[in-house]
Amino acid sequence: LPQPVTPELLVSPSSQDGDLGSECPEDRGNWTGRLDFLLSCIGYCVGLGNVWRFPYRAYTNGGGAFLVPYFIMLAICGIPIFFMELSLGQFSSLGPLAVWKISPLFKGVGMGTILIVSLVAIYYNMIIAYVLFYLFASLTSDLPWQHCGNWWNTELCLDHHILKAGNITFPVNITNTVSPSEEYWSRYVLHIQGSSGIGDPGRIRWNLCLCLLLSWTIVYLCILKGVKSSGKVVYFTATFPYLILMMLLIRGVTLDGAWKGIRFYLTPQFDHLLSSKVWIEAALQIFYSLGVGFGGLLTFASYNTFHQNIYRDTFIVTLGNAITSILAGFAIFSVLGYMSQELGVPVNQVAKAGPGLAFVVYPQAMTMLPLSPFWSFLFFFMLLTLGLDSQFAFMETIVTAVTDEFPYYLRPKKASFSAAICIVLFLMGLILTTEGGMYWLVLLDDYSAGFGLMVVVITTCLVVTRVYGMKRFCRDIHMMLGFKPGPYFRACWMLLSPATMMALLVYNIVKYQPSEYGSYRFPTWAEVLGILMGVLSCLMIPVGMVVAVLREEGTLWEVGVQQASRPTLDWGPSLQENRTGMYVASLAGSQSPKPLMVHMRRYGGITSYENTAIEVDREIEEEEESMM
C-alpha cells in the first residue's frame, strides 16, 4: 500500500535539521545574542539629546515640575508608538520600506522615512566628527582651550585662571568678554570667521574633514556584517557611557557649588504647568529622544525571532531612557553649579543647550578641575559612544530598507552596498567641514526631522489603526506574543497618540521661527530650502499613492485605491511555521481554503503559542459564521 503523504505545511520543524536559530531567515541575518536587540535599542534611544537637550529643557520649563508633563507624555505618546513600531518590525521581519506590504497605498511613508534618516545621518556624523576632534585635543597635559594668548584668540578673550591667580575679586563684568573655550570652538575648530554666512561656505577644514572620514570609517566597520557585527559592538557602546556618566556624576556632586546647580535644575515651578508650551516641550523631548518615526526601532525589531518579548523590552528601554536623561541632568548641572560659583555669575548665564553645552560650556568647566585633560577625555568619549549607537541605527535602517526591496541583488553584496552608502553620505557631508559648515548643520538640524517626521508618524499610526484595522493589528500581536494589547494601548493608538502628535504638528507650524545661529539670521533662500527638505518627505506619501494606484488594474476607486490599501498576499510572518490562521492561505502549496494551525514546534505537542494560534483561528471562524 502506498504510504500517506504528509502535506508540507503540516510537517513539524522538529523533523528537519536545524536548531532554534532557524526561526529567522538565514539570508537576511538576525541577532546572534539574547541582549543584542535590547542593548541596540538602548544605545539608539540614549543619545546626545539626553545629555545636551533634556537638562536644559527641564530647567527652562519648570525644573522638577517638568517631570510631570514629561512622564505623562511618555505614557500617552512615547510608549505606545514605540511598541507599535517594534510590533510591525518583528511581525513582518521587514524593513521600513518593505513593511508597507501591510498597505501598499502608503508605501510613500517608508520613502519619506528613508529620506529623513539619510539627511539626519549626514549631519549627525558631523557632530561625531566634532567629538573626535575634541577627544584628540584632550590627549595633552594642557587643554588648548584653557588659556587665552593663542593665535585664534581676540582681545575680548577673558581667562578666569589669570583673574583667580591675580586675586581679583569676583564677580567681574563679563558682559563683553568671551571665554577661551568659546573662541577655541568658533575661531579654531570651526574657523567660522572665514565665512560670511551660509551662502559663503569658505574653505574645507581638513582636520575636520579627516575626523569626518574617521567617523564614517568607524561606522562602516561596525555595520560591516549588519546586525551580527553592530549587535556585538553595542555591548560596549551602550553600556560604557553609563560608567562614565556615573563617574562624572560622582565627581560633579562633590564639587563646591554643585548643589547650587542641582537646585537650579530641579526646583519645581508648578505655575509653568499651566502653560501649553511646557507640555509641548515635554512631548517634543519624548518624541525625539525615543527616536520614533526614524525607522530604527522597526529595523532592529525585524531581526528578532517571532516570539521575542518586545512588550517587556518596550518598558525597559523607554523608562531606562527617561531615567538616563534625569541622571545626565544631575551630572551636567552639578558641574555648571561649580562653574557659576567659580565665575561668580548665576547658573542661568552659563547654562546652554546643544553644541553650546557640549563644545563650549562643559569643556570650559573641565579646565577648572584638577586633572582636566582626564575628565575632558572621559566626557567626549562618552559623547562618542552615545553618538555612534544612534548612527549605527540610522545606517542599518537605510541599508536594510533598500536590501529588503531588492534582496536577490543586494543581500549577497550587503557589505559593498553599505560601503557605497557611507561613501555617498560622506561626500554629501563635506560641505559641513567648511568654514561655514555650522550654518548648514543648523539648517539640517532644524528642518530635516521637523514637521516631516511628525507627518510620517501620524500617518503610520492612522494607517495601522484605521486602514489595516485595530482588531487585526491586535490579533497579529496576539499571535506573536500570546496576548492582546490592553485598553491602554488601544486607546492611545486610536485617539490619544495621534491627537497629541497632531497638536505638536500644529504648534510647530503656528510657532514657526526662522533658523538662527547666535546673532546670524539665515537668508530667505536658506529658509525656503529648509522648508522644502521637510515638505519633500511629506510629498513622498502622495507620490507613493499615485504609483500604487497606477499599478492596480481597473477603475480608480473601486479597484485601484481599495486594492492598493489592502495587505499584499505575502504580508505576514516571514516563516511558514509562524503563519497561522488567515496567513496560511497565502503560502505557496496551501490547499486548504480555511485557516489551519500549522505552528508545530520541534518538540512536538501543543505549546502556549500553538494554543494562541488555535484561539486566533477560532476567532476568525466565529467572525466568518456571524457574517454569513
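One is the number of the first residue shown, and numbering goes on along the chain from there.
Note that Cβ sites are derived from N, Cα and C of the backbone, with glycine treated the same way.
Nobody curates TrEMBL annotations by hand; they come from automatic prediction.
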Transmembrane segment range according to TrEMBL, out of 205-226, 447-468: 447-468
Disulphide partner cysteine [TrEMBL] for Cys148, chosen from Cys77, Cys157: Cys157
Rounded inter-Cα distance in Å - Leu386 (Na(+) binding site), Cys148 (disulfide bond): 31
Stretch among 233-250, 282-303, 374-394, 415-441 sharing the most Cβ pairs under 8 Å with the transmembrane segment (37-55): 374-394
In contact by Cβ distance (the transmembrane segment (488-510), the transmembrane segment (415-441); 3 or more pairs under 8 Å): no
The transmembrane segment (488-510) vs the transmembrane segment (282-303): 3 or more CB pairs under 8 Å: yes
Pairwise Cα distance for Gly43 (Na(+) binding site)/Cys157 (disulfide bond) [Å, integer]: 38
For Asp389 (Na(+) binding site), the number of other Cβ atoms found within 10 Å of its own Cβ: 25
Contact ranking winner - 67-88, 109-136, 315-339, 374-394, 447-468 against the transmembrane segment (233-250), Cβ under 8 Å: 374-394
The transmembrane segment (374-394) in contact with the transmembrane segment (67-88), cutoff 8 A, at least 3 CB pairs, sep 6+: no
